[in-house]
Every structure is written in structure tokens, then in C-alpha cells.
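Asks: Feature list, courtesy of TrEMBL:
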type     : residues : note
COMPBIAS : 62-71    : compositional bias 'Polar residues'
COMPBIAS : 276-287  : compositional bias 'Acidic residues'
COMPBIAS : 299-310  : compositional bias 'Basic and acidic residues'
DOMAIN   : 101-229  : domain 'TFIID subunit TAF5 NTD2'
REGION   : 34-72    : region 'Disordered'
REGION   : 276-330  : region 'Disordered'
REPEAT   : 358-399  : repeat 'WD'
REPEAT   : 431-466  : repeat 'WD'
REPEAT   : 473-504  : repeat 'WD'
REPEAT   : 515-556  : repeat 'WD'
REPEAT   : 557-590  : repeat 'WD'
REPEAT   : 599-631  : repeat 'WD'
């Protein structure tokens, strides 16, 4: 059958192209750090950055800690692989902290390096300063592991104030680890230990550091650099403080340049061709004189756009998509007609905003979604209910009982109308079934189904014909933070506290793909408009783009300084906008794997991002009770995406947030949880009134 997951067992986790076998239930799943073998480029000079390649462990072979030692000739001997099983063998993971120096000298080593970096030339100082944080953490953990508690405490107190402000939360966790026993149960700790912290440094700065450490015979620091850091060396100018600050801040440093090299088919799939029935058009022509002239060229435009194959699009059959039903075709025709009447937005023509406020939402509103045709709105609540409202005058009705259905004449023209039970018509339906707060909701494109995910670890599929639960998908053993239907229906994605995102199909009770690699909770998930890729945002402060076909991670974006809470793809599929607790919206070019913009203005977490239907405007909604509109066309025009920038990460972000901000709209006291552009580009926003 042409379904994705037939051959894959749920337990095979593809990480960056290497398959590591992991127990699916494990909260530690994502702590597996798999690194592809080095490409040779920029690794040969001394072998820093060549890292032991984690291979799938043979059943029964013991877990050993990575032991890639660098010999003088620059060869790397590849040690064993670390694969974190259901209960990670913590002692093996931590044993690398055994070879220790004299605990009393740690402060001296660190302050010596600090002095050296602070006295180096400006151009190198910014790059080498990246070493402070990972070295601080590993030296502190080494002291704690070897039970030098008082030295560890004084080391922490002396140097923790020097770290960048965006590491405050991590340092808070670290300061609570004061005994060897604490380290065993701490996931953040284990992640830091198993994944190499990635630094991008120019060759000149790197040579400077290497010379200094070798002259000083400062072996303790050199050992940590080799054992725990991955230095990605590039040729060319060192980066400035500003350029580095834009990209750092995630739990494991920056992404390696290799991570964003794979080809991504970001183009859109060809729209199926079918004729728009003409009779409606003619009637309209009679009704509104002078209109058809305007309309005709637009009509052809819609048609012609879909006939040409986008050169960046994936092959049409790259992943099997469901066949279009007749009702889908009707809906597409409706969509085209609406599109013809769509308002062209821009700096001179801003959308109207209609705000849906949930009043008296004492149940605690935790999630909202609106159907594509803007006819229904759903809220997920902390009291574990899901509530569906009709936004149009048309009430919500259930299908009649089986006994009544058998009496209906199947041949009649209005059979679809007759099967509905008028007695059940109401504006609101409440769906009971979850046993914990509902954190994510998503309507299917055809409006027949609704997904909800909850703290109870399940994702539920509800029928909007009968308003009952059809399936409960169990796979996450921990809270599920987000779920979303594919733009083509049938597939859906979920992400949760177990650090994994899962791809499901509605007719399979097990996931088709498991996307593992994040080092902390997967907080939000989004399908690419062509359904071949999924973006996930995480509390590890990175965004990853996954290939649905093979489960590989094809992009890693770092730069946010807090957990990611919202994602939005541009309608043309080329760009991604992301929002986080740091109040910044970052813009990414998917094809080149580059950050291309930063929108500053919000003062609190951004929970909602949406592009207008033609991608001219980006709307962002935040906990600071505002909706902001940004000029997306201007943000993405004349980008510098030459090969040099891509190769080294020398990004120069224009400080133009104020020029791009088209408007700020305050609510009285309602944090914005969801945004949605209707087919005619009216902006709908939603949130629950908070009396504080």
C-alpha cells in the first residue's frame, strides 16, 4: 500500500541519517546524539570537531562512553557509541568526568583562559568568548562529579555572573546540582554531557586558542575542548559580536554548518486541475455588472500559477497523499471564488482584525483553532474539555441515528441535508474524553475531523459529523504540547514532553515516523505547505525541519534565547517565521538554511504567528496583549544569500524592525493565543480575557 509507515517500526528513530534503536517510551530518547562522520574539510588540521560517530549498538554489547582521543598526527580513533536506552546507563555517560586535574587549580585555569581571551584582539575576542559558557558548565560538572563540593561552589559563585544573560535559566538548573547523586536524574545535565556543544570559530581565532593552551600546557581545558566541544572551523573573517549573538543561545550551541546543507524541496505541489463551473460565473455577470472583466484575468492567473511545476517543488508522488474527493473539489472551487474577491494587503492596505474573546473562560483556555473556511472555532481547555463553536449562522448538527438513516431515500438530491438531525442543532458542542488540560487542537482541511492533544499523553481524533471521539492515539507517555493536521489531511503530527515529534496517519494506531533529536520538549509543530516537511520548535531553543519521507533532520535553526512557541510557513513555502518566549520573531530562509530577519517589538511570549493568504503581511500575537502586523514583502526582499554567507554564517541582520512594523493593536486585557487569515484576508484573532 502507498502508505508511509508500513515498513518502519515505531522504535527505529532516524537521527540525522543514522538509525539508533531506542525504546519509544523513554523520556531520554532524544538524548542520543548522533553525529555524521566528518567531511574532512576543516577537520584535518588537528582533529578538533571530529567526533565519535554514534553507530547503532548491537544488541547485548555494553554501552561505553565516547572515547575519541586525538593523536598527534591528527587521526581520530573512533570509540564506542552511546545509545541511551530506556534507563540511560548514567554511570557510563558520566564516567568521562573521571580524568580530573587538581581541583584547586580549576579557578586558576578558567581565569587564566578568561584573561587570555579578554586581552586578545577585538576580532578574535568575540569568537573565543563563546568558549566561556560550555567550559564553565563542564568544569563545574567535573568538580561536582568528583565530589569536590566546596571547590565547585566557589567556582560557580566566582564565574557564573560572567555568562551571557540568555543562559540564566540553564544556570539556575546547574546551581541546584551540587552533589554527584543529583547529576544522575537530571536530564538537562545528561543532554549536555552526551551532545557536543557546537561552536563556529574562524581558523585564525582557533589557531590562537590552540597555541595559547599548548604553550600554557593547560591540559585540563584542552581535554574538555576535545572531549565535549565540537569546533566547526571556517576559513575567512572572524564574526563580530553582533553576528555571533544573533545565532547562539540554544542548549547545544549553534548548528553545525553540515546540518543545513541538505537539499530541501520547499516549493509548492501542483494544484490539481479541474474546471470552475461556468454557470455560476454567468449568473454573477448578470448580477454585478462590470465585475467579470476584473475577474477573468484573475481566474486565469489562479489556473496558470498551478499548471507550471515549481522547480523547487518535490515530485508530486514523493509522499503518498490522499485522493481528492468530490466534496474537496467543491471546496477548492469555493476557495478559488473567495480568492478572486480577496483583498490585496500591503503597507497601504492593512487587514481589518476581528477579535474573538473567550469571556468567563474560567476553565482556562489553552488552545484555539479556526477552520480554513472560518466557519468553526474550537477551544481546548484546562478542564480537559474541547468546545466547538459555529461562527456562522449555520448551526452545528449531528448525523441522525442509524434507524432514521435507513428510512432516507439515498437517490434524492438533498440527501446530504436529510441525513442531518435538526433536533441536535446548536451553536456549541462540548467534547469530553481527555483526562488532562488540552494543549493543542487542529481541524482537518475537509472539516470532517478534529484533533486534540492533552496532558494525558494522548491525541484524540473527533468526528465533526457525530461529535464523538473516533480514536485515541497513544504513543507519547508524557504531555503532548501540540498537534496539527497536514494541509492535505490524512497525516498529522504531534510533539510533546518526551522530546520527540511523531507523524501519524488517521488510519494507523502507531506513528509512521518518529523525529528524535531535540534536547528538550517539542513545544510546537507545523506542516510545510507541501506536506513533505515538518517544522518543530522546542524548549531547547532550536527549530528543526524534518523530512517526512525518511525522518531525517534537514535544518537546525538556532538564535532564539528562549523556548519556541509558534511557527508559521510563508504561503510560498520559502520562508519560516518563529516566535519564542524571548519576544522576538525570527525569519528564516529554508532553502539556504539562514536567518534573514529579526522582528523586535513584543515584550512577552509570542504564541501566534500567521502569514496573510498571499504572504504580504505577517501577523504576530503575544502574551503582551497585542497583535502586531509586519511587512513580510519588505522583510524578505533583496536578501543577501550568497554562498559565502551560507558557508560561514556571516549574517548581517538589518536593524529595521521599526520600518517593518505596520501596526500594533492592543486588546484590553486578552493575551493572543491564535491568529487566522480568512480566505478574503480578514484577520481573526482569539484569546481568553484575563482579569489580572
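Just so you know, glycine gets a Cβ as well, placed from its N, Cα and C.
Whatever TrEMBL says is automated annotation, not expert-curated.
Looking at the shown structure, can you explain where the listed features end up?
Replies: Summarising model confidence by region, the domain 'TFIID subunit TAF5 NTD2' (101-229) averages a pLDDT of 84.
The list of residues near the repeat 'WD' (358-399) in space but at least 6 beyond its ends in sequence, with Cβ under 8 angstroms from a Cβ of it, reads 331, 334-335, 405, 419-422, 424-443, 445, 447, 450, 452, 454, 456, 462, 464-467, 673-674, 676, 678-679, 682, 684, 686-689.
If one looks beyond the repeat 'WD' (431-466) by at least 6 residues along the same chain, the residues whose Cβ comes under 8 Å of a Cβ in the stretch are 325, 327-328, 331, 364, 366-373, 375-376, 378-388, 396, 398-399, 472-474, 476-485, 487-489, 492, 494, 496, 504, 506.
Across the repeat 'WD' (473-504), DSSP assigns 0 helix, 19 strand, 13 coil.
The DSSP breakdown of the repeat 'WD' (557-590), given as helix, strand and coil counts, is 0 helix, 20 strand, 14 coil.
Taken through DSSP, the repeat 'WD' (599-631) splits into 0 helix, 20 strand, 13 coil.
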Asks: So how many of the residues in the repeat 'WD' (515-556) end up helix, strand or coil by DSSP?
Replies: 0 helix, 24 strand, 18 coil
Asks: By Cβ distance under 8 Å, which residues at least 6 away from the ends of the repeat 'WD' (515-556) in the same chain are close to it?
Replies: 4, 8, 13-17, 22, 29-32, 188, 191, 195, 249-252, 255-256, 259-260, 262, 264-269, 313-314, 318-319, 321, 481-488, 491, 493-497, 499-503, 562-569, 571-573, 576, 578, 580, 588, 590, 593
Asks: Mind checking how the domain 'TFIID subunit TAF5 NTD2' (101-229) divides into helix, strand and coil residues in DSSP?
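Replies: Split into helix, strand and coil, the domain 'TFIID subunit TAF5 NTD2' (101-229) gives 103 helix, 7 strand, 19 coil.
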Asks: Provide the three-state DSSP residue tally for the repeat 'WD' (358-399): helix first, then strand, then coil.
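Replies: Computed counts for the repeat 'WD' (358-399) are 0 helix, 20 strand, 22 coil.
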